[in-house]
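Marked as topological domain 'Cytoplasmic' by Swiss-Prot: 1-76, 169-184, 232-244, 291-312. Annotation source Swiss-Prot lists transmembrane segment at 77-97, 148-168, 185-205, 211-231, 245-265, 270-290, 313-333. The annotation topological domain 'Extracellular' is assigned in Swiss-Prot to 98-147, 206-210, 266-269, 334-344 on the grounds of sequence analysis.
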Amino acid sequence: MKRRRSAKKSPAMVTVTDWKGLDCGEETRIVRRLMKFEDLPEYLKDNEFIHNHYRCQWSLKDTFLSAFSWHNETLNIWTHLIGFGIFLWMTVVSCLETTEISLAGVFNGMAGVRICLSSNQTLLHDSNVTHHISCLTSQGEAIPKWPWLVYLVGAMGCLICSSVSHLLACHSKRFNVFFWRLDYAGISLMIVASFFAPIYYAFSCHPNFRLLYLSSISILGLLAIITLLSPALSTPRFRPFRANLFLAMGSSAVIPATHVLCLYWDHPNVFIALGYEIATALSYFVGATFYVSRVPERWKPGAFDMAGHSHQIFHVFVVMGALAHCVTTLLIIDFSRASPSCGF
């Protein structure tokens, strides 16, 4: 008598109508398809004005491969991934070049700016700094490069955490909670890192103030990360709170910036650096405004699902602000090198 072969039980195929009430911990094999907002589990419902093209609990392999497919997170992933590539390029150049760091390849293509850290050059080779910014040699001790690298690494950390979070947070509830916390930690890291280079170089003659400012922003960043570890603060309801927290951290730069102006008010080049820093602040502020208001998708729900929604615009402004801050930092390095004595 022949025994019937017992077929292996195949994983359950979950259709779009089965999502409501689904336990994300269940072992399920999900059809790789894009979902509508109303069919998502609660933890994936972040923006009700984006109606379609959601990934939901895809396999890890499919989730990784979705970086190369078209859905409502594609541009969120790539806007910051491209930004990461730009900062990685600058980091490699900064580490490899011993006498000169040229950022012409990045800034010539974006704003016609050429920035370098070199020797035996004039501070402003061209009066129009948006087209050409040069730097002077240090007539004394070599200026340390590590604060500049701290900023580059912090920016890269923020951008790659953001890209990976947008890519993988849809895989499961556990991934969702973990990666959005990682994303917020990355933002805090970038804010703290952005303080290091300008403060280190600007207060080279005032080590006590330098220590005070760097310690203060580091403590604020640590407190922000601890605060945002709360799962409740990762929910859409606290979107304004998160934006205001990050803006408050960034706004604290007003204090050391004002201090620098008081110390070096008679140096016109300081005001050039300040102009770029104002551009940085405006970029972050405008980006945060889009992030909180969820414009333009709020005005026409469903029309900006794939491209043009607020979070994508927010990402673009973050990268623009980070690049403007690079110019500020390199200008401050130039000023520090140009000085025949301590500081500027």
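For all residues, glycine too, the Cβ spot is worked out from N, Cα and C.
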Which sequence positions outside the transmembrane segment (211-231), separated from its termini by at least 6 residues, show Cβ-Cβ distances below 8 Å to it?
177, 181, 184-185, 188-189, 191-192, 195-196, 199-200, 203, 242, 245-246, 249, 252, 255-256
Looking only at residues six or more beyond either end of the topological domain 'Extracellular' (206-210), which have a C-beta under 8 A from one in the stretch?
199-200, 256, 259, 263, 343
Ranking 77-97, 148-168, 245-265, 313-333 by the number of C-beta pairs under 8 Å to the transmembrane segment (185-205), which range is first?
148-168
Take the topological domain 'Cytoplasmic' (232-244) and find every residue of the same chain, 6 or more past its ends, with a Cβ under 8 Å from one of its Cβ atoms.
45-47, 177, 180-181, 184, 288, 291-292
Long-range Cβ neighbours of the topological domain 'Cytoplasmic' (169-184) (under 8 Å; 6 or more residues past either end):
24-25, 41, 43-44, 54-60, 63, 73, 161-162, 224-225, 228-229, 231, 234, 242
Cβ contacts under 8 Å made by the topological domain 'Cytoplasmic' (291-312) with residues that lie 6+ beyond its boundaries:
47-53, 70-72, 74-76, 79, 239-240, 243
Going along the chain, which residues at least six beyond the ends of the transmembrane segment (148-168) come within the CB cut-off of under 8 Å?
60, 63-64, 66-67, 73, 76-78, 80-81, 83-84, 87-88, 90-91, 94-95, 175, 179-180, 182-183, 185-187, 189-190, 192-194, 196-197, 315, 319, 322, 325-326, 329-330, 333
Give, as a single whole number between 0 and 100, the mean pLDDT over the topological domain 'Extracellular' (266-269).
84
